[in-house]
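Record features (TrEMBL):
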type     : residues               : note
BINDING  : T115, D143, D177, A178 : S-adenosyl-L-methionine binding site
COMPBIAS : 21-50                  : compositional bias 'Low complexity'
REGION   : 21-59                  : region 'Disordered'
Amino acid sequence: MQSNQSIRLLSLARHLIRRTATQASQQTTGATGAGTGESVSSSSGTEQTTHFGFKTVKDSEKEQKVHEVFEQVANSYDMMNDAMSMGIHRLWKDIFVERLGPTHGMRLLDMAGGTGDITFRYLKYLANQANPQQRPSHVTISDINQHMLDVGRERARRLGLTEEQLPNTKIAWQCADAERLPFEDASFNAYTIAFGIRNCTHVDKVLSEAYRVLQPGGRFMCLEFSHLTNDTMQWLYDQYSFQVIPPMGQLLAGQWQAYQYLVESIRRFPKQEPFKQMIEQAGFDMVSYENLTFGIVSIHSGFKL
């Protein structure tokens, strides 16, 4: 059903694609230059600047701009994920949680948890495991955007994934900035962030905060869009990203610019190896990554030892 709907939507988008092909091609060229993976702020006068997609903005402006993007797309976020990825994002998230391997007694911080996709998989994973010792588990779903959390909390209620319906489980919803977490040191033994870290202004601060709130032995895991390892496939992926996703966002959600930003932000995010090095520089050990779907997304993992 979703595949047929996506095919129809792509057909409807073609007339928009033709009008924007030249612009999209120019943007793709810009993406190639930005795709070296350096997501570093530079100095401009007395205030630092950073990237917002392919635009350069002041540090103080990016947080608000990203907030506005997700305020606009919150209600259509899950539908658009299905349409843009043809549903494959569900498989990526399933694999991500399998790699985490939740166990009873875990204290998870699901950062940029928004509408709950990772948390719901975590809770279902635990529900399918025996817990003879009745060990309590905990998850805190945190996001900088309260609207996204509201959508997630309502989804949890509809799915029956609440404290009242899940024994030995504590669930908290916390609006917070990943660069300035309100939690005490060593509060969690697992930290996940899925499709969120590239939207942060200072990725190094996010990693530092993740390290701080993890207990010794705790695990950091990140699922994020990355860069394909084959140049031809990367070119094809660029064409799809810039010529199809923004028109699709307009048709499905009435949001062209928000999805233009999303595809630009993917190209500005560091490649797999530089991001691995950033995680190591934050203090994590045993850092590794795994490419999924030829590198469209990657799972990075590290431990606080």
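Placement of Cβ uses the backbone N, Cα and C atoms for every residue, glycine included.
TrEMBL labels come from automatic prediction, so no person has curated them.
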Fewest-neighbour residue among binding-site residues, criterion Cβ within 10 Å, set T115, D177: D177
S-adenosyl-L-methionine binding residues T115, D143, D177, A178: largest Cα-Cα distance, in Å and rounded to whole number: 16
